[in-house]
Amino acid sequence: IHIAIVVSTIAHVILVAAAAPGVLTSGNKGGFGAFIVGLLLLCTGTGLFKANISPLLAEQNRDTRMRVEVQNGERVLVDPSITNSRVFLWFYFAINIGATVGQVCMVFVEKYHSFWLAFFLPTVLFLLCPLVLALNKKHYHLTPPTGSVLQKFLQMFGFAKKRSTGAFAVNWEAAKPSNVPVAERPGWMTYDDAWVDEVKRGLMACKVFLFLPIFFLAYNQMTGNLTTQAGTMELHGAPNDVIQNLNPLSIIIMVPIMDKV
């Protein structure tokens, strides 16, 4: 997470420099190059941050099985899976409050002041992240790293694939330790049968991602067209790209509803 913050901070600084008034008016192509570098670094930092902040949040729930406890004189069943669902619902609720306020405010800053200030303000706020993490570190439950799951998955997948008959078939049962004699088990086969089943379910669930490139191709084209169309309309002082930044509002509205359903 700290590496992601460093990368993202550098990206923000580069974007601020690339949007400086002197750079924009000089006609120097170096400003555009700096913008591209800053954008790529920001994508990298954001990816690193998002990939690590969710596991940090999930491991704060230390319950691994359902239990019964008494609340206000009533016995209730505490389910860790439901707890995790609620935690992430309100996590995304908080994220989208920030997205709504930040994105809407920044388009007004860009319209009425400058691009560099629209990049500079998020940079200042982003620098608060290490402070928040440092002040609350003693309250976090941190699980020590256990090595690369990807490497273990690739070894297990290759082991199962070699024992499959079809070109697209995977013999998951062959990769379960219970089906491999102890004398023939590779040194990396330290998982149990349940882990193989979890990997299989995870890969099956990943099929839902196959449509995302098509979805975002159409979605981004739609938002681009709407922004361009809004630029031809009477805006009465509002930026033409403010509407597309109101999308997080739908999540803010739906989270409390879904939490009660």
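A Cβ is built for glycine as well, from the same backbone N, Cα and C atoms used for every other residue.
Predicted automatically and left uncurated, TrEMBL annotations should be read as such.
Residues or ranges marked as signal peptide in TrEMBL: 1-19.
Here the transmembrane segment (35-58) has long-range neighbours at 1, 3-15, 18-19, 84, 87-88, 91, 140, 142, meaning same-chain residues at least 6 beyond its ends whose C-beta is under 8 angstroms from one of its own. Annotated transmembrane segment per TrEMBL: 35-58 (among others), in sequence order.
Beyond the ends of the transmembrane segment (87-109), by six or more residues, the same chain brings 54, 57-58, 60-61, 117-118, 121-122, 125, 239, 241-242, 245-246, 248-249, 251-252, 255-256, 258-259 to within a C-beta distance below 8 angstroms of the stretch. The transmembrane segment feature in TrEMBL is assigned to 87-109 (among others).
The transmembrane segment annotation in TrEMBL covers 115-135 (among others).
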